[in-house]
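S.K.: Before I ask anything, here is the structure I am working with.
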Amino acid sequence: MSALPVKPGLRHNVPEWDSNNQELSSTAQHERLVSNVIRQEGRALRNETSWKTNWDESDTSRRLSDRVWDIARWKETLEDCAQKVDDEMEALTLCKEQTEQALAATVVPLEVSTECLTLRDGRRGYELVFDPVDEQLKKEVELIERIQQVLQQHIDKMFEHLCVLQEIRHQLTADLQNKMDALDIDMTCLSLTIKSAQISLKTNPTRIPTGSCTPQEWVQFSQYNVACAHEAMQVSQQMREEISLSRAQLQNELECQRRATEFALRKRTHHEEQACDELEWQIKNVLQHLILNMESDIQGLDADLQAKTASVKLAHTRLENRTQRPGMDLCRDEVQHGLVHEVHQLEATILALRQKLSEAQHSLQKMKLHHSRMLEDLSRKQQALSLEQRSMNTRTRLRSTSGIHTTPVPLVPLANSSGRSNLQLLAQ
């Protein structure tokens with residue numbers, strides 16, 4: 001018999017062996033109970049965590065869905081607001097171009113009025129008067145200059161508000177782009193599942209990103225953008241109405257002033273024509289009835305004066321011959337008295353004829369001088385009448401451009417900051 005490999009240890013007695021067996025059995029039973037409890041608790045925990053995880057995922061998906069709906073609703077609101085801003089910008093641009101055309105249309109009336117004033121400054125003598133036509137023309141020039149100033153102010157005002165609308169449109173576009181990016185991200189998150197290939201563990205995913213805001217601030221930001229847009233559009237609409245009304249009123253004022261000026265010009269032309277006709281009639285009468293008759297009368301007076309000179313010579317000769325009578329026949333008889341009286345009468349007659357001839361010649365010279373003055377005045381009146389007619393012909397240019405404000409204006413779209421002619425919504 002071979003020897004034992006290991007020396008036996010301390011030997012136990014039977015009670016110890018029974019106690020050890022009993023301890024092992026009780027320990028096994030306890031561990032089974034503990035294990036059973038742990039298994040039951042594990043199953044309950046698995047069920048509970050599974051339910052909680054599914055519920056949390058479902059609740060998160062619901063919240064994502066609600067968030068997607070909120071973002072989509074705000075996206076639609078911003079799109080609608082941006083489209084209205086685009087429409088208002090186009091309408092304001094159209095109004096601005098109409099006002100610019102109205103301003104350009106005042107250039108011709110101003111040139112015409114200034115040219116008429118320059119033409120009428122060419123009148124001479126007493127025809128260069130400050131008449132109602134000058135007054136109306138100066139009023140017209142002042143009115144056109146005031147209209148140009150008002151229209152330019154309207155244009156500057158609309159340009160500034162277009163810049164405001166452009167800035168608001170930029171803000172709406174940026175907000176809309178952010179909404180679309182957020183919508184894409186949340187839609188992507190909503191479509192993810194535990195089986196998706198894109199999921200992975202991240203470092204510190206529960207951190208709060210820099211620049212985060214509260215939901216109230218998020219809503220208030222979009223509400224502020226929309227409110228600013230509506231306020232700017234309301235101001236733009238009111239501006240367009242006021243400017244359209246102002247433009248129509250200014251056009252009516254200009255038209256009324258044009259008619260008043262042309263009425264004064266026609267009236268003045270009529271007076272000039274009447275004055276020319278009257279002066280021509282006076283010149284004709286002076287020439288035909290006065291000057292010619294006066295020259296004929298002067299010739300008659302001169303002929304009578306020559307005839308009276310011969311009679312004087314006859315009376316003087318008779319008196320001188322009768323002085324040769326001799327002796328007592330040299331008496332102062334009735335013949336002598338008659339001859340002396342005849343000589344005195346002839347001398348008085350010659351003196352009267354010479355005086356009247358001088359007066360007639362002087363009157364003839366005055367009439368000829370006045371005739372020359374009337375001819376010069378007629379020339380000035382005819383020149384003034386010609387200038388008035390040229391002024392009326394010049395003002396016909398106003399009628400050819402009177403419909404400038406009613407002509408449809410082609411729409412020139414306002415380019416946005418990206419250079420596109422039409423502000424496209426970032427909805428796709």
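Placement of Cβ uses the backbone N, Cα and C atoms for every residue, glycine included.
Just so it is clear, the model here is predicted, and its values are computed rather than measured.
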S.K.: With TrEMBL as the source, which of 184-211, 240-267, 352-379 is set down as coiled coil?
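M.R.: My reading of TrEMBL: the coiled coil range is 240-267.
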S.K.: Pick from 1-28, 29-56, 57-84, 113-140: which stretch is listed in TrEMBL under region 'Disordered'?
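M.R.: Here TrEMBL associates region 'Disordered' with the stretch 1-28.
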S.K.: In this predicted model, what is the average pLDDT of the coiled coil (240-267)?
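M.R.: So the average pLDDT across the coiled coil (240-267) works out to 92.
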S.K.: For the compositional bias 'Polar residues' (18-28), what are the DSSP-based totals of helix, strand and coil residues?
M.R.: 11 helix, 0 strand, 0 coil
